[in-house]
Amino acid sequence: MFQTGGLIVFYGLLAQTMAQFGGLPVPLDQTLPLNVNPALPLSPTGLAGSLTNALSNGLLSGGLLGILENLPLLDILKPGGGTSGGLLGGLLGKVTSVIPGLNNIIDIKVTDPQLLELGLVQSPDGHRLYVTIPLGIKLQVNTPLVGASLLRLAVKLDITAEILAVRDKQERIHLVLGDCTHSPGSLQISLLDGLGPLPIQGLLDSLTGILNKVLPELVQGNVCPLVNEVLRGLDITLVHDIVNMLIHGLQFVIKV
């Protein structure tokens, strides 16, 4: 007759043995899936988001807002500042007959610089990226004549940066900056406030015309070198994943 105590001991030993074997490696010929690549690349949408986040963070940490705040607008507008006779001369000539002494404008101050959400599109052939960098600033035009601000303007401008994957002489592939320019038609200038007694509309129209001529290239010339610097400092893993997609023309910027 089989002893109950022996049965208990048998099952106890069996359970202990199975527990021990549970910690052993699974043989390679079994059909369980193997994790041969634990560090999987980001999904396409995740890759695009990681790129825009990295660029945005790099621009901010690289001093973009300070660059915008210190744009040398007054140096360009005042007499002798980069144009024949200076642009302020033409601007002030239209209103000084109404307001004597307005030629004493001494300051055009940039305030509240902003970097808005970056945009990203991919070329139809899949080999290029175009990053839209939307920027915002406020301009304050001051004069000692009235001891206050004449005008406050809100300005928005987009910079578009082309990103390419290129192969160097050592056959290494890098992300590089292609064309970097202001987006045509993206400059927006709006009046925030101005002193009522002054001929604001005439001053605004003249100043807007001048800013349309000089501001886009001024911003472009100061921001694009920083974009190039940020691009060279991107995380190597992120760069590798993006280069792989661009070289093979694979679409990973998903439009929703």
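Backbone N, Cα and C atoms are what each Cβ position is placed from, and that goes for glycine too.
Annotation note: C224 (disulfide bond) sits in a helical segment as assigned by DSSP. The disulfide bond annotation in Swiss-Prot covers C180-C224.
The region 'Important for surfactant activity and antibacterial properties' annotation in Swiss-Prot covers 87-92 and rests on experimental evidence.
Marked as signal peptide by Swiss-Prot: 1-19.
A mean pLDDT of 49 is what the model gives for the region 'Important for surfactant activity and antibacterial properties' (87-92).
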